[in-house]
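S.K.: I grabbed these lines from TrEMBL:
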- B:6-29: transmembrane segment (TRANSMEM)
- B:14-88: domain 'Glycine transporter' (DOMAIN)
- B:36-55: transmembrane segment (TRANSMEM)
- B:67-87: transmembrane segment (TRANSMEM)
- B:99-116: transmembrane segment (TRANSMEM)
- B:102-175: domain 'Glycine transporter' (DOMAIN)
- B:122-143: transmembrane segment (TRANSMEM)
């Protein structure tokens, strides 16, 4: 455990980077499918990567935003978008979309864990902390879809996404209230959220719909 | 009047609950019509019920938000959405939509009164206070429609809605400037707004449109 | 130069008014094309004129907003919308749209200059300051298009718009870092941004698109 704790910050940073990249890439793909111009692709990638965390910080009145503290990450998103415009062709979309599911699930887990952790540290009530976790994980994609003039996929594709984040965030709170330390709770939240999401994609789970 | 003042907080609380329920239900109906999944229905109901007040507090920099202070109301919205998913069928939509007009009109009145009251207490200029009242009453529905990928109904169905809130909010300010006490002004604002909206629905009033 | 400095505030104020009017008018035109009702037209005009600056101030946590400090401008927008409803006919749309390009380009330049200036004074990193300039200039139109249920024109019409603001904002920062005084940097930013945008419209420049 001693060894793990020494490696933990680096590990967390790496996963965080992977998650941000995965979300940004989902924005680039969405922008490409809608034939946006380079400016639009950058904005949508940016919204997908940072939108959830920014909305959370706006609601919790936390400044400065993550991307204002780390403006090099914004350069990264700009670079990614330009590379995608230069090198990506229509025939790459299909395989990219499938490959993106794994970092997207991990990203959902990590963003949820970070969000619930932040809100809990500010002393929010349980349900609000959980919602902040879900918002951090899910609303990047929601803003991406709103700008692209679509109903957010998280709200109408009937596959569990926000629900996985909801479950993971409650696990985090349960562990913290049961005196588990922060690292354990964070890791458990990431594993449950990403695991559930992975299972949902793999087994093609469906949320119940409207009956007639 | 003595007796009324004792009952006033309870009465106000009950109307507020009814208004919130009416707005949430309008969100559930919209979500159902768009075949959203359960997550989407909850989010849209939440936005319709709390979106206007949250936007007002964001613009006026007031924290914590209403739904963060009262997280039990969020549970209520979640419960309402789940019940709607379990028990509502297509054939219920039409009558529900008509029945919802009354609490929706009362809700518009009450949210407008609360909004203009909040902004006036912060010393905002008259027009800004009025706009904050209108935003509180109207923008829940606007956010609901934007997420559902429609042009907000408040902006293109040519039936007076925001205009009723606008009139009610000016009445509130006029009474306050004429030394009326807060309760009188609030009640007058609710009555005028809800009354005008009710009349508009009943007599099928139309706002003037574009000429050719 | 002495004489110019005495006239500068008035000049800046006049250009600012012209820019706000141009943006508001673009909102009115968009609302008219979508057959919005008078309420919708006012809201869209308001969003187009003040949306970019408000989003910037929200992100930078600056209060009170421009339109709260100057509520007479809000009256101006309301009056403009009402006049447009009364006097504008379908046959006016086409010439108005062409005539609007010039104040729109100047407005883009001025809003960008104001935005980057504000963010730089708050000590933001370069890229963030530039983005704040671009957001101030561009996001009024983006919010206008989102409310009108369209993909924002700035993101998919493949004509340089945000890119001109991006270039102008970097010029501002470059001059400030090279010890130029604020007025010079502001004027240069406005001239470059508006000039590039004017050239782009005149020569019909196109941003590169997706290859197949």
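From the backbone N, Cα and C atoms, a Cβ is placed for every residue, glycine too.
Show me how these features fit into the structure around them.
M.R.: Averaged over the domain 'Glycine transporter' (B:14-88), the predicted model reaches a pLDDT of 88.
Here the transmembrane segment (B:36-55) has Cβ contacts under 8 Å with residues 20-21, 23-28, 30, 65-67, 73-74, 77-78, 80-82, 84-85, 111, 114-115, 135-144, 147-148 of the same chain, all six or more residues outside its ends.
Counting residues 6+ beyond its ends, the transmembrane segment (B:99-116) has Cβ neighbours under 8 Å at 12, 15-16, 18-23, 25-26, 29, 52-53, 56, 129-130, 132-138, 140, 161, 164-165, 168-169, 172-173, 186, 189-195, 197-198, 201 in the same chain.
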S.K.: In the domain 'Glycine transporter' (B:102-175), how many residues does DSSP assign to helix, to strand and to coil?
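M.R.: Computed counts for the domain 'Glycine transporter' (B:102-175) are 60 helix, 0 strand, 14 coil.
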S.K.: Of the residues in the domain 'Glycine transporter' (B:14-88), how many are helix, strand and coil by DSSP?
M.R.: 64 helix, 0 strand, 11 coil
